[in-house]
Ligand code: LLP
């Protein structure tokens, strides 16, 4: 979809709502969408055993609440499904020191896609040999950091990068292990995939043009580098395994070409991430077991056809581990009923614009990708009739929408808490300070206790970066920071 640069058309009445008919129970928590620990107790949503009113009172809103058992459980599900293969958590989905430690303790690998993600993981004590570094424009400094730390894999993405890496690898005196990222000509989208003859995007070496083979041969002949295997990543939020299977078919074909050209048998095949999750109850993601079974089957068949040994597999799930277990809590402020015109029988249609205390600065995905989310009234249930609502943020922008169309009880009011589901991936990690809103805290909830794993940003943090304001005391507490904060790591 291509949005008009000025945003949605302002004057027009909205098209019929995509919210469908109201569900029978507006407060229901569909288990596909909500964290594993989510329950209603006396009407109130509890996460990790803690009531949301308590979470909001102690930590303030907006607040990312991460269900620790859900996050680690999903990581474990992938590790079990891919036993004998390597599961790299794609840390761009959400990374902080605590997450790096959980991933390390739980035996997974980690995919970093910038020098700073790598530096953060290393600072948290993540074992370097289990880290792979991605990126289409790795700087010499980033490559030096990776080589000095002795990380497990550098996923090489361009001929320029090979030129940059070789002298750094030579100086290290070790053969640096790399993968070649191949662009296999499969462009995957949520429910379909399109095979294209050539790819017009920035990542990887094209298989179709022969660049991927050229790069592989070049790396094999380069004594300072060790070609450990090949990599392919076809997209994100994919529900259908057919795209992965087609990619596996092509990249194993490339292994065959490399073998023919050089006699080298490559030992590793990383098929990337992109496994979809349920944002809405109708979304139907493929369980990790099924993904693993199908990928193993297709890779084994392709290798048998080419008379190649089956390589060690690796995958890089980010969203599928981090996404479903986190909920964003917001406090409702203004509610504005907006008339949409006639509802057909002459009755005016009304949409309630429900404004919350965050918005596109803590979840850009609705505005950026037209992503769909669902949310519930979290501090109580209500028998009031359903009202068509749009949940919006407090930014100075009409595209600042969190949930485009949904039904909420018509008695929602200022001070109520809303919980938006499945915000664990690419929300906090893509957060900004637009309009100088502050990045929310992230708390891990488990067994009735909570730990602040990333504290809320303060206005003092922001002032500290400002040449004029660095020494000016910030108002305390900050304007939009109503609740007291616990120190990072403190358990309540
Ligand atoms: N591996 C590679 C090489 C990737 O580029 C990505 C995501 C992943 C793994 C992890 O994909 P996942 O399993 O999380 O889908 N900001 C977008 C998503 C961008 C994904 C970029 N690469 C969003 O909010 O949907």
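Residue numbering: from 1, along the chain as shown.
Glycine too: its Cβ is placed from the backbone N, Cα and C atoms.
Remark: residue 396 (active site, proton donor) has 435 as non-local neighbours, by Cβ distance under 8 Å and separation of at least 6 in sequence. Residues or ranges marked as active site, proton donor by TrEMBL: 396.
Per TrEMBL, substrate binding site is recorded for 319, 365, 369, 397, 426. Non-local neighbourhood of residue 369 (substrate binding site): empty, since no residue in the same chain at least six residues away has a C-beta under 8 Å from its C-beta.
Here TrEMBL flags 70-322 as domain 'Orn/DAP/Arg decarboxylase 2 N-terminal'.
Among the features that TrEMBL reports, domain 'Orn/DAP/Arg decarboxylase 2 C-terminal' is placed at 346-424.
Residues or ranges marked as region 'Disordered' by TrEMBL: 1-26.
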Checklist line | Which same-chain residues, if any, lie at least 6 apart from residue 365 (substrate binding site) yet have Cβ under 8 Å of it | finding: 371, 373, 426, 427, 430
Checklist line | Whole-number Å value of the largest CA-CA distance among 319, 365, 369, 397, 426, listed as substrate-binding | finding: 27
Next item on the list: Look at each of the binding-site residues, 319, 397, 426, and point out the one with the fewest other Cβ atoms around it within 10 Å.
Entry: 397
Checklist line | For the domain 'Orn/DAP/Arg decarboxylase 2 C-terminal' (346-424), the number of residues DSSP places in helix, strand and coil | finding: 5 helix, 32 strand, 42 coil
